[in-house]
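Undergrad: Let me give you the structure first, and then I'll get to my questions.
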Amino acid sequence: MEDLIRQFIPSLNAAVILLSYFGFFSVAGALSPGKIIPGALLQDGTRKYYRCNGLVSLIMLIVLLGIAVSMRLISPTFIVDRGAQLLSTTLAFSLVFSIVLYAAGCMSHEKGSSLKPHTTGNLIHDWWLGIQLNPEIMGVDLKFFFVRAGMMAWLLINLSVLAKSIKDNSLGISMILYQTYCMLYVLDYFWYEECMTSTWDIIAERLGFMLVFGDLVWIPFTFSIQGWWLLRNEVTLPTAAVILNCVIFLIGYRVFRGANKQKHIFKKDPKAPIWGKPPKVIGGKLLASGYWGIARHCNYLGDILLAFAFSLPCGTRSVVPYFYPIYLFILLIWRERRDEARCQEKYKEDWVNYCKVVPWRIFPYVY
């Protein structure tokens, strides 16, 4: 028991790995070529601009790590070997950094939408949800930086798990399916990174502990639970289960990517055709065509299907690998409720009309 507890104590080595990762990512993000994408128009009439070069940065990092592994400078399983320490160290960083964000926000006298402090007087609430929309350090947009760092870390953890599986001669179809799905998902995320600039997290959520923890701890360390579980559990899947799993992944990906892409295109050009037809728009701002004419949060449906596809390779012997899809289902239902309340306040009667045209929230004909 003492050995287990000791494994979860933050270490200097884990801190060096974490800070080195942030350092590389900061430099690569600033210097790598990338498309400059304008963000959403803020309340004060200004907008942020994002350099979308995450895919280039990710490829550079993997190449450098591959060279280091080939030269035996590091072990391909170094993340798995220090997984508990990296988890606790990243959690400690998230706690400390969110406190710094709160303090810096309280001291800010900025009036612009990005850096203006929004406080309620409830310390826990403000620390949890954040008080500034787009805090920066040396010109780096921290909210955009952290979500990219979390997605990349998820892939790096999975690659280390894969290396461990190969080293232990335990690589099977379940691990291959899980790794393939996650790799495609992460690469797709960075291929369509500009679509991220129009998501709710970027345009509306302030940066507090909820997002810092979610990006740096929750995404990489809980989204990879299936891989960790498969390292210690052998699963034999029948052919029919493999085919069904692939179908669910493809449907989930189609809905998730299609919905997000349609929304992003609509925000850039409200007259762009959707599925070959002029878009149906409510109140000039609410898209009611394509996937967004099927359900008001159809992208959440795609996300939930993908989450289950990541877990299905683990079979049905344990509920542990299904932690992520179960959690995501609960989270997205809660977030959908928050989104609905905000949209009702923002769009008023137009939102009421939109709900009449598109009555389903996430699951067509169910919810």
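Every residue gets a Cβ built from N, Cα and C, even glycine.
All annotation found in TrEMBL is predicted automatically rather than curated by experts.
Model, not experiment: these values are computed from the prediction.
TrEMBL lists these features:
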- 12-31: transmembrane segment (TRANSMEM)
- 52-74: transmembrane segment (TRANSMEM)
- 86-104: transmembrane segment (TRANSMEM)
- 145-163: transmembrane segment (TRANSMEM)
- 169-187: transmembrane segment (TRANSMEM)
- 207-229: transmembrane segment (TRANSMEM)
- 235-256: transmembrane segment (TRANSMEM)
Undergrad: As a test: from 52-74, 86-104, 207-229, 235-256, pick the stretch that has the greatest number of Cβ pairs under 8 Å with the transmembrane segment (169-187).
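TA: Out of the listed stretches, 235-256 contacts the transmembrane segment (169-187) most.
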Undergrad: Which stretch, 12-31, 52-74, 207-229, 235-256, tops the Cβ pairs under 8 Å count with the transmembrane segment (145-163)?
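TA: By Cβ pairs under 8 Å, 207-229 leads among 12-31, 52-74, 207-229, 235-256.
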Undergrad: As a test: from 52-74, 207-229, 235-256, pick the stretch that has the greatest number of Cβ pairs under 8 Å with the transmembrane segment (12-31).
TA: 52-74
Undergrad: For the transmembrane segment (207-229), what are the same-chain contacts with Cβ under 8 Å, counting residues 6+ beyond its ends?
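TA: Distant contacts of the transmembrane segment (207-229): 83, 87, 90-91, 93-95, 97-98, 101-102, 126-135, 142-143, 146-147, 149-151, 153-154, 156-158, 161-162, 175, 178-179, 182, 201, 310-311, 313-314, 318, 320-321, 323-324, 327.
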